[in-house]
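**Student:** One structure, pasted below without further comment.
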Amino acid sequence: MWTTLLRFLFTLPLIMTLALAVTGCGTSGEESESQAEGEAERADQAQEAAEKEAAAEAEEEASEEEEVTLTGDEIATIETTLGTIVLEFYPDVAPLHVENFIKLANKGFYDGLTFHRVISGFMIQGGDPRGDGRGNAGYTIPAEFSERKHVTGTLAMARGPDPNSASCQFYICLAPQPGLDGKYTVFGQAIEGLDVVQAIGKVETGPRDKPIEPVYMEKVTISRRSGDSE
């Protein structure tokens, strides 16, 4: 009996220690799981907050974007490395294209870009931020085809195979191009500097009709015929 009692007294602390150890492990596991869940929840909340902040910034930027009210007397002056070209617009037939060009010009988008594609007797093309014919402004605008013809000095919007893929690239005709009528959006006309347009059209070109010596648009500004700037 004494032997059994001694064994029990010796074993009891060990049992209690093991019981406490098991209980402790369970609590630690629950705490770790709870901590992990808390961290995941905080990460989700942080991501949600970041998304809301980004959306708010985008909304604010969109609301702050300049509103263009077309009056019909806007003109664009393109200062190039070969001279100055002045363009008038046709908001009556292509208001979206005119507004788009004016917005891009006003925020300096065209400044420093080149006429990256020149085909003698056909047209000069510019306004591509990449300079290789594949760039755009990050969006497209729908076509506004009209009865306006492609004549010498016509300002029209370049596009891809999709009629509604115009964005920022434009071209100026070096001669009448009836084959383009009704297929590309005409939205303006060169009224001064046709000699500059023709001079650009005569530069030496290499592969993909790209000028060997770049012709830069140093600055594009919008003003009114009355002389007031936009």
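Any Cβ shown, glycine's included, is placed from N, Cα and C.
Straight from TrEMBL, here's the annotation block:
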- 39-55: compositional bias 'Basic and acidic residues' (COMPBIAS)
- 56-68: compositional bias 'Acidic residues' (COMPBIAS)
- 74-222: domain 'PPIase cyclophilin-type' (DOMAIN)
- 26-70: region 'Disordered' (REGION)
- 1-21: signal peptide (SIGNAL)
**Student:** Per DSSP, what is the residue count of the domain 'PPIase cyclophilin-type' (74-222) in each of helix, strand and coil?
**Tutor:** 25 helix, 48 strand, 76 coil
**Student:** What mean pLDDT score does the domain 'PPIase cyclophilin-type' (74-222) have in the model?
**Tutor:** 98
